[in-house]
Amino acid sequence: MRILHLSDTHLDRRDAPNKHGVNATQSLRRMLADLRHLRAVDTIVVSGDIADDGSPEAYVAARAIVREFAAERNVPVIYSTGNHDERQAFAKVLGSGHLDPDGSDRADTLIASHEAERAAVSLVDGHRFITLDSLVPGKGYGHLSRTQLDWLRDVLGTPAPHGTVLVFHHPPITLDVEVQQALGLQNPSELVDTIRGSDVRLILCGHFHLQIFGFLETVPVWVTPGVVSRVDLTAAPRTERAVRGASATLVQLGAHGPLFHTLHARDPQAGETVYELDEQQLRSVIDELGAGT
């Protein structure tokens with residue numbers, strides 16, 4: 001199973017440079033254009049923050065761009081929500097988030113949720129992909145509701161032929177970086193309890209705009225870098241710097257575990273600063289959008 005893992009496209013309705021001077025639509029197009037020779041892919045995953053402004057127009061644009069790439073390879077696309085996404089607009093354009101190459105909905109199971117959470121299941125060549133919705137409206141951190149965890153436990157009660165891949169936005173692992181800890185998934189231990197002993201083989205996330213690999217107990221977790229920009233950890237402590245450079249990951253899920261290779265668009269502006277937050281500005285982000293606020 002070869003997965004092209006994208007995340008954090010951050011498209012908006014305007015198809016124009018954002019407040020930081022980056023055209024997110026152009027970044028996504030450039031990334032996929034530079035991957036034109038990548039043919040051997042079984043599915044494409046887009047793990048959240050598809051739309052920066054939550055507009056239907058942004059989802060329509062993302063669907064069209066990714067669908068063209070997927071249709072050329074005859075592979076499905078699996079989308080999950082992120083903190084910038086808007087559930088109603090996501091559902092209107094992307095349905096369950098599990099789409100066939102022609103754009104039709106392919107989900108086998110969709111959660112019944114009073115909060116309209118976007119969680120669904122589909123099989124790709126015997127591999128079960130389950131998307132979860134870690135979005136907390138109006139906040140930057142993530143949380144998986146008890147409704148979703150109970151639903152997930154029920155779904156995992158029946159093993160898939162080749163195991164399960166979980167896809168959601170907020171990583172359940174973080175580096176020793178305060179902003180990641182404040183804005184990551186806030187209930188990873190509950191997820192551990194839910195998936196322990198199941199056939200979950202891999203967790204795919206985004207959100208941090210940089211690549212991280214680790215384990216949630218015994219399950220591998222991969223955090224892919226962002227398409228719109230990437231976070232540069234060489235910035236001074238307690239500050240944050242983002243730089244240009246669309247990135248993605250090629251994941252190969254074999255019999256003995258996953259392999260990951262990061263892919264970078266050939267951008268003459270790669271590495272140029274997109275934004276820089278000083279200590280006070282970063283503290284404001286944590287206070288406004290982090291857990292406990």
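In case you wondered, yes, glycine gets a Cβ from its N, Cα and C as well.
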With the ranges 1-21, 127-147 to choose from, which does TrEMBL describe as region 'Disordered'?
1-21
For the compositional bias 'Basic and acidic residues' (1-18), what does DSSP give as the number of helix, strand and coil residues?
0 helix, 6 strand, 12 coil
